[in-house]
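What follows is one structure encoded as structure tokens, with my remarks underneath.
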Amino acid sequence: MSHQYRKHFTPLESNPSLFTSLAHTLGLSPALDFHDVLSLHDADLLSLTPRPAHALIIVFPTSPNYEAELTTKDKDITQYTSSGDNEPIIWYKQTINNACGLYAILHAVSNGHARDFIIPNSHLHQLLTTCTPLNPRDRAAFLENDTNLEAAYKTVALQGDSAVPENPEDEVDFHYVCFVRSPKNGHLYELDGDRKGPINLGEFEEDDLLSEQGLRVLREFIEKTECEGGVSLLALAPAE
């Protein structure tokens, strides 16, 4: 899978405080925060994450063959072209290099019940109002040209503790993928801007993505992606 990016961002550190700061700056209500999920197996550690989890973002190291594997997975998938209020999920095609953290945040707050926590007339509210009727190509172009979004992102991205590439065009070896549930059809979706579209994972019975069904999905994703080492997970859930 080869990308010709027209814009490059500094990577965003997998840090719930930074994710929360950016989401709030854009217009998400302070009633929701991003939180670390400390385990997919230990009930006591899982209980430390507030519930319900409206969205989950997994960050994992990509193997040298990762993009080739995505190409193989998507070879028989038709490029997603849907738009409008009737589509069950809103998906953003990633066309900004190293900005998968930003796209994960946008996927998390644009879907499911998290949308109910977007502040009216905020930048995020205006972004969704504009992007919803657009096809994925035009959505991508809108995000590329959103100078306020870029400015907010850059301010937060430079606050992390991790070392970042001096040149934003340098590739990084970590990738973000978001999981959300659509209340329109009750299905769980894997949202990755590097794919051809949203991946429908089928019916999902719970509003809480950290239910046992959600944990099984995450465990299977980690196993199939062969990303056992260095995996982090963030949940969008009520503020403490």
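From the backbone N, Cα and C atoms, a Cβ is placed for every residue, glycine too.
Automatic, uncurated: that is what TrEMBL annotation is.
Taken straight from TrEMBL:
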ACT_SITE  Cys100  active site, nucleophile
ACT_SITE  His175  active site, proton donor
DOMAIN    8-238  domain 'UCH catalytic'
SITE      Gln94  site 'Transition state stabilizer'
SITE      Asp192  site 'Important for enzyme activity'
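For Asp192 (site 'Important for enzyme activity'), other Cβ atoms within 10 Å of its Cβ number 23. Other Cβ atoms within 10 Å of the Cβ of Cys100 (active site, nucleophile) number 24 in total over all chains.
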